[in-house]
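Read the structure below first, then the notes.
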């Protein structure tokens, strides 16, 4: 868990690569269902087009369906659960060992996101501070113009961060009271990652010992 721009995608990719876990991203599942025009996908598109959140039961059905298909392998969930009812639905179906929370100061995230420019046709992302394009405002590969996504403008970023805080604070509290929440604080993904990796090395080793 972590607010938009906290480095969740990068940390998730490193966890799945280092520990061989299956990665389930709620964003990817949403996008594939919408593009496939599945029954749930159409329902979700309708919500998103109207600026509403996808209902908890729809989101839970979607994710739990994918988890069932994965049988007995270990997995990492990214972007789900986002509300307490989603967390409860997940707990009813599976036991969650660990919840990793990336705690990055909002000021850092704001700076990171508002510096972000995208090449829309490919989804390539640049950051003017630490990953700038070779030619300002143009994509490295195609030379086409870069744009700032609507949800990366300063006002929208502030709204997104507030919405995240209001929505997910109860979820963090839910997992904190269940004793499975582990929070990692920092301003840079590369500084946070070694701590996440060391924690998971220990955690997964003890899980393997219990199974043995």
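Sequential numbering from 1, following the chain as shown.
Glycine too: its Cβ is placed from the backbone N, Cα and C atoms.
Just so you know, TrEMBL annotations never went through curation; they're auto-generated.
Counting only residues at least six positions away in the same chain, the Cβ atoms of 104, 109, 112, 113, 116, 157 sit under 8 Å from the Cβ of residue 5 (GTP binding site). According to TrEMBL, the GTP binding site annotation covers 5, 6, 7, 8, 9, 10, 116, 125, 126, 189.
Non-local neighbours of the region 'NMPbind' (25-54) in the same chain are 9, 12, 61-63, 66, 77-80, 82; each lies 6+ residues outside the stretch with a CB under 8 Å from one of its CB atoms. TrEMBL lists 25-54 with the feature region 'NMPbind'.
Of all Cβ atoms in the shown protein chains, 18 besides its own fall within 10 Å of the Cβ of residue 82 (AMP binding site). What TrEMBL lists as AMP binding site is 26, 31, 52, 53, 54, 79, 80, 81, 82, 86, 149, 160.
The region 'LID' annotation in TrEMBL covers 115-152. Here the region 'LID' (115-152) has Cβ contacts under 8 Å with residues 4-5, 160 of the same chain, all six or more residues outside its ends.
The domain 'Adenylate kinase active site lid' (116-151) scores a mean pLDDT of 89 in the predicted structure. Taken from TrEMBL, the feature domain 'Adenylate kinase active site lid' applies to 116-151.
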Other CB atoms, at most 10 A from the CB of residue 7 (GTP binding site): 22
By Cα-Cα distance, the member of binding-site residues 26, 54, 149 nearest residue 9 (GTP binding site): 26
Long-range Cβ environment of residue 26 (AMP binding site), under 8 Å and at least 6 residues apart: 59, 62, 63, 77, 78, 79, 80, 82
